[in-house]
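Undergrad: Taken from Swiss-Prot, the feature ATP binding site applies to 472-479, 1139-1146. The compositional bias 'Basic and acidic residues' annotation in Swiss-Prot covers 35-45. Residues or ranges marked as domain 'ABC transmembrane type-1 1' in Swiss-Prot (evidence: sequence analysis): 112-402. Sequence annotations record features per position, and here Swiss-Prot assigns domain 'ABC transporter 1' to 437-682 based on sequence analysis. Per Swiss-Prot, the feature domain 'ABC transmembrane type-1 2' maps to 780-1069. According to Swiss-Prot, the domain 'ABC transporter 2' annotation covers 1104-1342. The region 'Disordered' annotation in Swiss-Prot covers 1-62. The transmembrane segment annotation in Swiss-Prot covers 108-128, 162-182, 234-254, 257-277, 339-359, 371-391, 779-799, 828-848, 896-916, 926-948, 1016-1036, 1043-1063, and the record cites sequence analysis as its basis.
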Amino acid sequence: MPAPETGASSREKSLEDLQVATLEKGRSTSSFGADNEKPHDHHSLSDTIMAPPDGKQKDHGKAVDLNDDSLFAHLQEHEKEVLKRQLDAPSVKVSFFTLYRYASRKDILIILVSAICAIAAGAALPLFTILFGSLASAFQGISLGTMPYHEFYHKLTKNVLYFVYLGIAEFVTVYVSTVGFIYTGEHLTQKIRENYLEAILRQNMAYFDKLGAGEVTTRITADTNLIQDAISEKVGLTLTAFATFVTAFIVAYVKYWKLALICTSTIVALVMVMGGGSRFIVKYSKKSIESYGAGGTVAEEVISSIRNATAFGTQDKLAKQYETHLAEAEKWGVKQQVILGMMIGGMFGIMFSNYGLGFWMGSRFVVGKEVNVGQVLTVLMSILIGSFSLGNVAPNGQAFTNGVAAAAKIYSTIDRRSPLDPYSDEGKVLDHFEGNIEFRNVKHIYPSRPEVTVMEDVSLSMPAGKTTALVGPSGSGKSTVVGLVERFYLPVGGQVLLDGHDIQTLNLRWLRQQISLVSQEPVLFSTTIFRNIEHGLIGTKFEHESKDKIRELVENAARMANAHDFIMALPEGYDTNVGQRGFLLSGGQKQRIAIARAIVSDPKILLLDEATSALDTKSEGVVQAALDKAAEGRTTIVIAHRLSTIKTAHNIVAMVGGKIAEQGTHDELVDRKGTYYKLVEAQRINEEKEAEALEADADMDADDFGQEGVTRIKTAVSSSNSLDAVDEKARLEMKRTGTQKSVSSAVLSKKVPEQFEKYSLWTLVKFIGAFNRPELGYMLIGLTFSFLAGGGQPTQAFLYAKAISTLSLPESMFHKLRHDANFWSLMFFVVGIAQFISLSINGTAFAICSERLIRRARSQAFRSILRQDISFFDREENSTGALTSFLSTETKNLSGVSGVTLGTIIMTSTTLGAAMIIALAIGWKLALVCISVVPILLACGFLRFYMLAQFQQRSKSAYEGSASYACEATSAIRTVASLTREQDVWGVYHDQLQKQGRKSLISVLRSSLLYASSQALVFFCVALGFWYGGTLLGHHEYSIFRFFVCFSEILFGAQSAGTVFSFAPDMGKAKNAAAQFKKLFDSKPTIDIWSDEGEKLESMEGEIEFRDVHFRYPTRPEQPVLRGLNLSVKPGQYIALVGPSGCGKSTTIALLERFYDALAGGVFVDGKDITKLNVNSYRSFLSLVSQEPTLYQGTIKENILLGVDKDDVSEETLIKVCKDANIYDFVMSLPEGFDTVVGSKGGMLSGGQKQRVAIARALLRDPKVLLLDEATSALDSESEKVVQAALDAAARGRTTIAVAHRLSTIQNADIIYVFDQGKIVESGTHHELIRNKGRYYELVNLQSLGKTH
């Protein structure tokens, strides 16, 4: 291999080149961040092993502060520039109109037509005041006898017809505007969702290192819903209210400008109250949204690793962590709602004062003979309607401010220019390339940990068509090589070259399409096996081949990866859905599909980041042969902890501390006896010793040997008999039920709860009310003041009638007119103060109730989700994305029956009730005629409420599906990026949203028809009232006062009934949300952690027995996993389970942990059936260390303490378990020690470091039974040796069951059970099994590490 260029001059030159390349404007990557792939060394920001002793440790949970120069002080200027470019994010100023930035010409046209209709609908009501004034003058004329009856009747009928025409116009305009705004609201929100997802897929990995997948889900669901709320029907309602306000004031000024001007003065006070209040509301709304986003990330982390949380019983601790974010959000939410309540109270107070002022001044103008009563009434009525309509703008103001606050977050991501953009066309595309990769003086620092250098001055040549293997301890920078070749990050110094071209100058998407990556923890997408493998063809020359050709390529790749046979054994073959993140497959099966995906496109460059670590020895041997074959003729970079897999590599590079320690072939390095030799020694299965053991055992009694064979055969026979028994049961069941279902699917189908429970409205109201039981005092205060506030309008109608009758007094009584006017004006002012106090107190009380309801509902829903057993999470509808989205969206919707909505409904109900009673008391004839229309109004409102609830039910599932899909893609962003699947992901998401949009349009058209009817009926009601009341007045049955009391009461009452219906969407959403919650809370899992049932164990010996256990996964009832398993473990024994992928080893562990219960047979511990034991008590004696370690956001200490219930663990205990897990020295080398934050999903640590933290957590429980599901598969040889020694020590005195693919780790087991197809085919010690030369012997030979000759 040529010596790498050295010397200062060449380094300066390459850094200079890099500067030029990286400073070219706007290049970008796809993101490589909070990927559930739990990157090991990738953003192994734990390569902290090399942290400078004085290096200030950063809080990795938070974003790096780019203005904090101390973080970058040790770096050169161009290095700072490279790091800052990868983290930089613009702060975006968002106004309401920027919510419309994606509107097309068609959208704008619809919005304009809808706006014109909304304005026209708003103008109708003030025009009604002109007719009102005209009729009032006629009423005065007929009362005083100055107008003949026939003239009065003609004027009355003409004006009443005008009312009818106005009603028809109102119906048409309201309908058009409602449909238009709801349609464009949904359409534009869809575009925002699509653009946001596209922007997320464009981001570089460093951006994801600080962003959780849960936050993305929250933004794409809850936050876009807030935007939709802000640009849908509420815009129409606001424009209507505003048009009413403007038109009313124009009418008032035209009729009599002096009086109008005096009344307008109070509007200034109104505007000041609204403006001041809105500023604070926006501020608090933003803070509340941020807190919920952080909570969403916690929820996503926990739900996606539910098996771990269940095994350790950490549900309560993790729920408390989630609740701290909820409490923070509640604090800001209450402040926001209190300000809103006071703002509305202030507005009503000012309005009532306005009437008092207008009436008082109007009386002076009437006495001065400047105006008549009709003009004063038109002006006052216009000002009254105008001011009230301005009041209707306020509640919608909250929706607009929330929408703008949510958009600020979303647009800042959309507007961020990623420095590594997979969509960009910039950069060269090479027509032909060989595949020579060279690292030249490369220095690398992860942007989210600027104080740690993870790679220093690495020069390495990886020739075309050759295999280069990277080995070394965890955190030595091996996976960083992969990250740099894939251009997930920008190096801060030196160059990475492909055939002599700096890869920074090449087109990013093209580059990634030439490379295939298989990582240690493979991510599959929730679709069929076929589609998963087909993803490997995206962007390649095969992408647009015929369907048959693509199927042929996929099947060939599966054969090469040794996956074809197990796929064909599945009932649906290649069309089998793998479930979320591939959970329905075993680790080895997932890995083989990931390998097939990588090789299907015949790539020039293959990156294997521990590609076979999850495979059993047999699969590994075959797959390794396939990979060796696949590697022929292409550049291959292999990272391996299992050294047997890289013996044949052309060049082996041993890395330590971010530098190259040595390189050469296997034989050369073994002869050199350096770093590599030590690693090999640690892992070698010493065959010489085996040979000796064989000789020593050769003189064993032959009978014993025979006996062993018989035992094996007996076991096989008995297990086949028991399987026949189950088959017999199944046949009987089939005869009985007449279906082709197996007995197990019959058993399993019972376990799936009822999909759609029907709950009555009363049940749901009681259910929601229970959340607010502790706030009963606040509720009563809120309700009391809602009643008082509701009495404001009927009182005002009474005062209004008094005012009109006072103004209608003849000239001879002007002295009385002035005296009465003064008194009634003062009354208006008093009612105004009462309204301010009532609404402020009512707003505050309900704010507290509403926010606490949301917090409790979220908290309890989260706890209910964590209560469910594992089969609940296996179901497709309960994916991490769907559940996270449910927590963020549906809880918000519950507030539709609390807070402001509930207060308003009670107020309007009081108004309607009081108005009817007063009207009936004063003039029953007219009151009854007016009241007859009210039920029609109510029916319209309830129908609309019903329609919206139906619409909500339909749309929810579609948006939940698309949200879940987006969450899955963003949480696996590294995989999406390496497959260049960005446009494919976006396309699928786009199609899901389009489908939903078409569905919802029909529903909107129907429900808007009913809403428009409810608005128009007000005018018909008024027309009827005026016609009948006028007739009574003409016949002198009623005085003006009696007419106006009845008329005003019912008019304002009917309007109030109309207001209730504008809350129908909120109530519809709340009803639907409540049904979802009730269903969740009612679903009692079979294995219930809340239950006190079952025997609680005081102690445990650790004797375990599986008796004839049959098992199938609930989501796969047709696929048997265990077929009559018999297995026994004595207390304190160390048992190992080995065998090929998918043979039931991990299932055995899952049954022991009671993640599931056996379908037939039983699992016994100390002779007790574990299904009869209390599940929490039982699990407290167990500890599980699984293949994919799970850490949560928080510090190393917090993660270790999750192993136990109590927090007061002594420092000595903590240090002891860390030393036992070989993690103590590493933790102490970190600047912040145990208080180091591990990042989202432990992303700041490498795979090996995460696994050792997980082992420390398991040991902290001091378990009686230790379950190791490939606990050391993520470790390099050196760590593995120490951790294995620690595990061996930890196993003493306790029962240990280990699933192992790496056989060197289980040589010393007391008994090794060899599994095949859900049964045990042989068992014995390592020596016995080697001597038997059976299945185990084959596995050992496959894994041998002898020299290559």
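Including glycine, each Cβ sits where the backbone N, Cα and C put it.
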Undergrad: As a test: from 112-402, 437-682, 780-1069, pick the stretch that has the greatest number of Cβ pairs under 8 Å with the domain 'ABC transporter 2' (1104-1342).
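TA: Top-ranked stretch among 112-402, 437-682, 780-1069: 437-682.
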Undergrad: Between the transmembrane segment (339-359) and the transmembrane segment (779-799), do 3 or more CB pairs sit under 8 angstroms, pairs being 6 or more residues apart?
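TA: Output yes: the transmembrane segment (779-799) sits against the transmembrane segment (339-359).
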Undergrad: Looking at Cβ-Cβ distances, which residues of the chain lie under 8 angstroms from Lys1145 (ATP binding site) while being 6 or more apart from it?
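TA: Listed in sequence order: Leu1137, Val1138, Gly1139, Asp1269, Val1299, Phe1315.
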Undergrad: Let me know the DSSP-derived helix, strand or coil state of Ser474 (ATP binding site), please.
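TA: SS state of Ser474 (ATP binding site) = coil.
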Undergrad: Using all protein chains in view, find how many other C-beta atoms are within 10 Å of the C-beta of Ser1141 (ATP binding site).
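TA: I get 25 for this one.
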Undergrad: Under a three-state reading of DSSP, tell me whether Ser1141 (ATP binding site) is helix, strand or coil.
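TA: Reduced to three states, the DSSP call for Ser1141 (ATP binding site) is coil.
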